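As given in TrEMBL:
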ACT_SITE  TYR156  active site, proton acceptor
BINDING   10-38, ASP66, LYS160  NADP(+) binding site
BINDING   SER143  substrate binding site
REGION    287-311  region 'Disordered'
Amino acid sequence: MDRTVVLITGCSSGIGLHLALRLASDPSRSFKVYATLRDLRAQGPLWEAARARGCPPGSLETLQLDVRDADSVAAARARVTEGRVDVLVCNAGRGLLGPLEVHTAGAVGSVLDVNVTGTVRTLQAFLPDMKRRRSGRILVTGSMGGLMGLPFNAVYCASKFAIEGLCESLAVLLPPFGVHVSLIECGPVRTAFLEKQEGVPGGALDGADAETRVLFSCYQRHLERIFREAAQDPEEVTEVFLAALRAPRPALRYFSTESFLPLAHLRLSDPSGCSYVAAMHRAVFADEPAEEETASDRGDPGLRAPPGARQ
């Protein structure tokens, strides 16, 4: 039986690395995984982990693929020896944190190029063959930041909101071709994502007013607490990808955690946006939570639901 050919972008660390390992080491031995990286010099940890997990020979290959470069994407596609990709995982992404007014044009452009245009380039390379074969699955790493606005994440959220529209539009179009699109909506995950963000603010904060700098410090404390108390392990998130991959009738959205759904419901239930904006502001910028509050009362960054918001 032919193995399912999976190509994953952004495998140097985090979700991409863990998903590649999870599929390559699957006991069924039914997957051939192409783990792609922007820079192949970063592939050491992937192969070290693959050896530790006992991935069978031939179950995992690495390819250079930079989603910012159409020629790089096309070259990676040409190196898939099976001549087809059954499952495409668009995982490569970049963050940008801080006050909007301190971001450089280069940092903003880089995030949009990777997160939005890079995803489009990748889809343009692999989707036509899936449509011709009338078979294929596309999994895209989504984010709570694509479902609701988060303070000090304006550009990142803009990019992820765009991905929601992109994938939803394709999901409406593609079923007659036998191609299914699914978003894996993630909250905070214990990866190096925060450390790899574009243009992490430091001295650049001098370009923001004093009140905004105070609010940003408050947000940073909030974010650190949420990642410390509520972040998921990448292995847990990869199981959600696997469920979407194996589902007979794939859904458009799968959620790695339900902790941010109360505020997502609140955002939809009041189309004016007033309820969500007020609730999110309170959740992020209110005083530190009482000591007796448990971690289960808190969700993803900025997503502790206010009283009465839970559905």
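Placed from the backbone N, Cα and C atoms, the Cβ positions cover glycine too.
Sequence features, as recorded in TrEMBL, placed on the structure.
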residue : record                       : Cβ neighbours (10 Å)
GLY10   : NADP(+) binding site         : 26
GLY14   : NADP(+) binding site         : 20
HIS18   : NADP(+) binding site         : 22
ARG22   : NADP(+) binding site         : 19
ASP26   : NADP(+) binding site         : 16
SER30   : NADP(+) binding site         : 13
TYR34   : NADP(+) binding site         : 26
ARG38   : NADP(+) binding site         : 20
SER143  : substrate binding site       : 29
TYR156  : active site, proton acceptor : 23
